[in-house]
Structures are given as structure tokens and as C-alpha cells.
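A.B. asks: Shown below is the structure under consideration.
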């Protein structure tokens, strides 16, 4: 039987929110089978649980925000991406503020925390959402066109194409692909950082966003080049970060997907719209388990190796 996974022991991190700039403490705790991933706002007078679901997403401006019972947690996508990459099904995430810490702008620190806590197999079948037919969402036309698509696939793979007219992006590639069954999430995707442009920072900060952003937790570019002294971590790091984000956004459906995802200029809003479009058509998906691990898709049977 392909089993569900949680972590063996609790682990903690402290950082600041990318947009809020607030100090935040994060505690990741093991959870029982079939719990799912649950964020808990422990800073409120009465703690509020926010289980992840596609419909728990309440805002997608600049990040994915989930909410329940009047409480919200912003910028969940990097931590959720790490959970997806490591195949974790059940986890409690206690948080002392309204935004997940940005740490280094990638999911690498979350991967390190979770792997350090250890991955524990649980006596319950791992449940997948298997996509049975193509589902697509589109927006705009011509140069404004953007789209995202899910198609049937015995595994989980992603392709993302971006379109930034910038020398640094052009020189490293505008597309990236990742197959969970062939690649290694920790090595190939997790270290890709969020990115932004200096010309946008003042506008964002005047709107109360990017207050915790800087060269230590993002790739920052002027009109011509990357400003970070250490340069880029990957070829096509920009497109790889979009894959990192998409993995986190898609994992908000609450179960791992068996599908091929492809997208052009998509973002948090379109990724969530794609999930809602999928769930709205019951003929497009089904819940499956694998009693025989040999029949399970590659990439889900063994814990992800470290770097």
C-alpha cells in the first residue's frame, strides 16, 4: 500500500513576512492520518484552524492567501510547495502572525526543516486526485493571453513558460519543466527564489506590500541586470520559481494531483481558478489509492532525497 506521510517530530522556524514585514514564528507538527494540512493561527485570542482546500483560498494578489473563521494566512505557496515536493499529506502548521515567513525566498529552508524533522509513513492509504480529462482556463488575447491546463498523466509533471522582456530573463531561459518521477524536487526546484524589479518596489510598498523583501530573500533586477551579488542559483531560475509556486498553489487542492500541468504566464489567481474549474466537473477527476506500490506513479513511492 502506498501510505500517507507526516513528519516524525515538530520543528520550528522564525522569520519575517515578505509583504507584511512582521516577525513570525512557525511550528510544524505531526498530524494523524487523514488530517490533511492545517494552518493554525495561534496568535489570536481563540486559535483558528484553516484546513487547506481550493475553496479556502480567499486572495491571490501577489501571493496565495487562505482563510477561515475570519482569520487569514498569507503567502502559503512556498511552504505548500515544499510539502508537495516531499509528499507530505498530514501536518499542523502553527503560526503567530498572518503571513508565512519568506526565509530566503525559495522553499529550500522549508525542505530542510521538514527533512530534518524526518518523514514518517502512516498506516493509511495515500489518496490522489487523478485528472481524467483535460481542463483549461484562459484569460486575455494576443499579448495579454495567459492560460493554465491540467491533462491526464500517470504521475505529476509541470511545464511553465514565462514572458518577461528583460535581458536577465532572456539570457537564462523563459521556460522550465519538472517531472516528480524523474527529477529531484530538493535539488531541481526548491532553491529557486521569488523575483521582482526595483521599479515595482516603491509601488508595492506604498500599497503595504513587499515590506519584508530584499536582496537576501529575492532575486532583484533593475532594467538591465540581476542586482544580487551571488547571481542566480539555476539556469532559468525565474521559470523554475514559477514551477515552485505552481506546485504550492496546486497542492492547496488538499491532495496530490496525478496530472500534467502546463501554463503560460499563469499566476496564483489562475492556478486557483484552474483547481476550481477541475473540481466543478466531477467527470474530470477521481480519487484513487494504490494498494500495490509497483502500480503507483514514479516520484511518490520513495521519500525525496536531500540535495
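Here the Cβ of each residue, glycine as well, is placed from N, Cα and C on the backbone.
Just lifted these from Swiss-Prot, have a look:
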ACT_SITE  268  active site, proton donor
BINDING   78, 241, 245  Zn(2+) binding site
A.B. asks: List the residues of the same chain that sit at least 6 positions away from residue 245 (Zn(2+) binding site) in sequence and have their Cβ under 8 Å from its Cβ, in sequence order, or write 'none'.
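C.D. replies: Sequence-distant Cβ neighbours: 77, 78, 81, 194, 267, 268, 271.
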A.B. asks: Which site among 78, 268 has the most other CB atoms no more than 10 Å from its CB, taking these as recorded positions?
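C.D. replies: Sorting the candidates by Cβ neighbours within 10 Å, the top entry is 78.
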A.B. asks: I need the neighbours of the Zn(2+) site defined by 78, 241, 245. Which other residues of that chain put their C-beta within 8 angstroms of the C-beta centroid, in sequence order?
C.D. replies: 77, 81, 106, 107, 192, 193, 194, 242, 243, 244, 248
A.B. asks: For residue 78 (Zn(2+) binding site), what is the secondary structure state per DSSP, taken as helix, strand or coil?
C.D. replies: helix
A.B. asks: For residue 241 (Zn(2+) binding site), just count the other CB atoms lying within 10 A of its CB, please.
C.D. replies: 28
A.B. asks: Per DSSP, to which secondary structure element type does residue 245 (Zn(2+) binding site) belong, with helix, strand and coil as the options?
C.D. replies: helix
